[in-house]
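Structure first, commentary second.
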Amino acid sequence: MSVIETATVPLAQQQADALLNVKDLRVTFSTPDGDVTAVNDLNFSLRAGETLGIVGESGSGKSQTAFALMGLLAANGRIGGSATFNGREILNLPEHELNKLRAEQISMIFQDPMTSLNPYMRVGEQLMEVLMLHKNMSKAEAFEESVRMLDAVKMPEARKRMKMYPHEFSGGMRQRVMIAMALLCRPKLLIADEPTTALDVTVQAQIMTLLNELKREFNTAIIMITHDLVVVAGICDKVLVMYAGRTMEYGNARDVFYQPVHPYSIGLLNAVPRLDAEGETMLTIPGNPPNLLRLPKGCPFQPRCPHAMEICSSAPPLEEFTPGRLRACFKPVEELL
């Protein structure tokens, strides 16, 4: 197979008209055993209406990237680099400005909706509170708008559900409530941190379809954090593959999914269970993700990589090898396709 020939927008042009521009993002935590770098010089951009999938194993830095953008890092965390949203720097904003930004411009959906909803308040009260606080709506206006948003996320009998408590909903319905709450203020950016992890496969598909529909309806940019590459194929426009806090590969979702050019991306895809592989042994990536306190020299994936070479003891640069596509690997692209 030849080197990929895809009409992809060069990175410089993507950054020029981006809603969100992240440059050299670095997240470090102070621990008794030393500093841990959870995110290491991350770069990406996102335009209005686009979906970026951030993919990787546990501990790769996916969630910490989101928490850094939202200003939700733990007390021992430090941020470096730059993140501009609508041309405005958002890292290290004062708390009152962050609260306004999080309420009106950027929203986040967390993994477990049950722990995100107040079990002592009716769902309707929690939705209405957002609108009354941030949109200065009256109680009656907030009620009707909340019902409309529950309808938008395909909640059956939305008006009736407003009077129910979180424990009366199924997992999928609770996640629909969280999506509705996140979209009430019509944010320009929605960050979804593993939003389907606790759901069964059928409900996962429904939530992914719903997010796709809402993205088109509201022209919302989405950052989808996941370890599931099937999710990436179904909803994302671009993909960032992370390992040990670093970018391994970045590009158009279709290209990364069908023609990955980094051994780690290839390993993740090979590990996805297939319905047509009956009787075959499931492939895995050997070894374990590295200890971030004691990273291997050079490429962090080197100890687990089937293509490791002597040169991999040096850190490979992240290079744009074709317009809009990045990778950090010394192995020639042609030998991986």
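Cβ coordinates come from backbone N, Cα and C, glycine included.
The domain 'ABC transporter' feature in Swiss-Prot is assigned to 20-269.
If you look up Swiss-Prot, you'll see GLY56, GLU57, SER58, GLY59, SER60, GLY61, LYS62, SER63 marked as ATP binding site, on the strength of sequence analysis. In sequence order, ALA244, PRO289, LEU292 are the residues near GLY59 (ATP binding site), counting only same-chain partners six or more apart with C-beta under 8 A.
The ATP site is defined by GLY56, GLU57, SER58, GLY59, SER60, GLY61, LYS62, SER63, and by the 8 Å test on Cβ atoms against their centroid, the other residues of the chain that qualify are HIS227, MET242, TYR243, PRO289. In the three-state DSSP scheme, LYS62 (ATP binding site) is classed as helix. Cβ neighbour count for SER58 (ATP binding site): 8 (other Cβ atoms within 10 Å of its Cβ, all protein chains included).
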